[in-house]
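> Take a look at the following structure, please.
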Protein chains: 2
Amino acid sequence: MGMTNRFMDQALAEARQAAERGEVPIGAVLVHEGKVVARAGNRTREDRDVTAHAEILVIREAAEVLGNERLNEADLYVTLEPCTMCAAAISFARLRRLYYGAEDPKGGGVDSGVRFYAQSTCHHAPEVYSGIGGQEASEILKDFFAARR
Amino acid sequence: MGMTNRFMDQALAEARQAAERGEVPIGAVLVHEGKVVARAGNRTREDRDVTAHAEILVIREAAEVLGNERLNEADLYVTLEPCTMCAAAISFARLRRLYYGAEDPKGGGVDSGVRFYAQSTCHHAPEVYSGIGGQEASEILKDFFAARR
């Protein structure tokens, strides 16, 4: 299954639960001072909201829980490389670290596509760590799309 | 004042109202079949939500009003060039046309920065029209930041 850690395991659990709800299975958790303060799976269908990606949901929830929309001390764990929208939202929230599982060459915006954190219009970049839980994250996605064909 | 139109005028009115609430003054309206179905000004402070840009708010509201998160027949009017996050959200919502007022070389993601609609990771691009109401949009922003100094 490759390397993982306890926070990424929770993000993977959120991804699996998203699949059960018929959502594209991507999960995220937001960690502050060693504790999970927000967790979510993708809810774009359920919420009828194209912006309801797991990353956006945990950023919004964490801001509410912590009483501050600037999440400078917080770290995000997400099963798939964030898209361009989420990469920018992560920057706006001033997140400290981003850990993502699988790469997404077709839709990612961190190490693929626009590589937002390397652009001059990006005014805060998190530290980025990739690959943790990536194999499992990919398998969850592959199984989901295979089952729908 | 430069050229404008009735929908951009409403977006400019939303921008002015945002300024009165102490928000960075950017406004948007979403038009479907010739009617405004959603309108909003930036609410990042008020909502304590870094994703509460005017564009995101009208996309979410319009999806609710129209009962569909794919807004293929809808057009967005916004006073400032959308940022990278909003440019991607506009793509995900499948908006038909984007009209924006002033350019934003420091933070824009349409004709500045990542130029998202020209990237291979962008899977739907709206038609883009810029400049309408741009001078007035810039003045509203300039006045807002001057008053805060």
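Each residue, glycine too, has its Cβ placed from N, Cα and C.
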> Going by the Zn(2+) site in TrEMBL, where B:CYS83, B:CYS86 are listed, which of the candidates B:HIS53, B:HIS123 is also part of it?
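The record-listed residue among the candidates is B:HIS53.
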> State the count of C-beta atoms found within 10 angstroms of the C-beta of B:HIS53 (Zn(2+) binding site), not counting that atom itself.
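There are 27 such Cβ atoms around B:HIS53 (Zn(2+) binding site).
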> Can you grab the distance from B:CYS86 (Zn(2+) binding site) over to B:GLU55 (active site, proton donor)? Cα atoms, rounded to a whole Å.
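With the alpha carbons as reference points, the distance is 6 Å.
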> Near chain A by Cβ (under 8 Å): which of the recorded positions B:HIS53, B:GLU55, B:CYS83?
B:CYS83
